[in-house]
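Visitor: Let me begin by handing over the structure; questions about it come next.
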Amino acid sequence: MKSKSKKYSNIKLGIGIGKGVITFILILLFVLLGYSNSLEELIRNFVQNDYLVLLVFIFIIGIFSSILFFPINFYIEFILEHKYELSNQTFVKWLWENFKGTLVAVAIGIPLLLAFYFFLNLFGSIWWLPFAVLMFIVSVVLAQIVPIIILPLFYKVSPIENEELKESIIRLANEVGMNVQNVFSFNMSKNTKKANAAFTGLGKTKRIILGDTLLENYSQEEIETVIAHELGHYKYKHIIKNIFIGTIFSFLTLFLIATLYELSLEWFRFTSITQIAALPLLTLWGMLIGLIQSPISNIISRKYEYQADEYAVTSTKNPEAFKQTLKKLTEQNLGDEDPHPFVEWFFYSHPSIKNRIKAIDAVSIL
């Protein structure tokens, strides 16, 4: 099982890295070889309004990239998941879930895209500042609506039927000052054999949700340790902190992207920051800055996970059950128990199970 999970994880990681490299190279060539300019000129033969030109420009690129990367996405999301006996999806269901995901992304992305271009035209070089403010507002709104609007688009969400487990979870929630009236499950098994649970939402929409694959395969004692971990995130205000830190990263990242974008326009023979053909450069700089930002974000995330683990142990006083649950989850989800230290440092938002168990063993429950 260990070699199987490591092979699965390495394949996904390798394909993910390869896809990122290919994307970067293709965008760079798209700009360098003049195709970006040619596409804008072609669109302007039919459309004059800059905002419509932008939408058509992005639409064409989106269609092209979807077709180009379809084989890779199909392999990693469908073929690989079936090969390792993790998927419950048929091909039609996989297409449908991806289609719904695309619709949600478009519904959120188009207004943001238009707002970005509006700020670019109105504020010029400091477009990044109002756009970062907008992104903060959007992140807060999304945090509130995900459990009540977006999640139900993909899963059937319903109150759990096990009253004893429900009361136990509500009691654990009350201990951290979280007012929970109900605990919910979602039919995760329609897509996958993997298991998960989460604390989601913000303000009045906050709720605890459990995958049905977790409810069906784990004892109440084991589930309680998982919930205690999630409540640890609430106790230490990790969601609020993530929004705050994410906002700082957003301001800094957008500032750097805007600065590098403007400095590089002349290198690529563009004349204006509002030139639609030049906009793919924003993605290039964003990808490069992301290489620096990602490990920093992951360091913070892993710290939060250790804190939540510690709370799970001290609140349930059952470290053995928690360790057993983590091992079961890792085995069920085919996670790599002991990745290379650099891989864990750079790519992992959660510590490896090996390191989590080592940290749990160091926690005092006296």
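Here, residue 1 is simply the first one shown, and the rest follow in order.
Glycine is treated like the rest: Cβ placed from N, Cα and C.
Just so it is clear, the model here is predicted, and its values are computed rather than measured.
Below, the features straight out of TrEMBL:
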DOMAIN    3-156  domain 'CAAX prenyl protease 1 N-terminal'
TRANSMEM  21-39  transmembrane segment
TRANSMEM  51-80  transmembrane segment
TRANSMEM  101-120  transmembrane segment
TRANSMEM  126-155  transmembrane segment
DOMAIN    160-362  domain 'Peptidase M48'
TRANSMEM  243-261  transmembrane segment
TRANSMEM  267-292  transmembrane segment
Visitor: I'm a bit unsure how to read this: which one of 21-39, 101-120, 243-261, 267-292 has the highest number of Cβ pairs shorter than 8 Å with the transmembrane segment (126-155)?
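Guide: Checked against 21-39, 101-120, 243-261, 267-292; highest Cβ contact count belongs to 243-261.
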Visitor: For the transmembrane segment (101-120), what are the same-chain contacts with Cβ under 8 Å, counting residues 6+ beyond its ends?
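Guide: For the transmembrane segment (101-120), the nonlocal Cβ contacts are 50-51, 54-55, 58, 127, 130-131, 134-135, 138, 142, 150, 153-154, 273-274.
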Visitor: Given pairs 6 or more apart, does the transmembrane segment (51-80) have at least three Cβ pairs under 8 Å with the transmembrane segment (21-39)?
Guide: yes
Visitor: If you average pLDDT over the domain 'CAAX prenyl protease 1 N-terminal' (3-156), what do you get?
Guide: 96
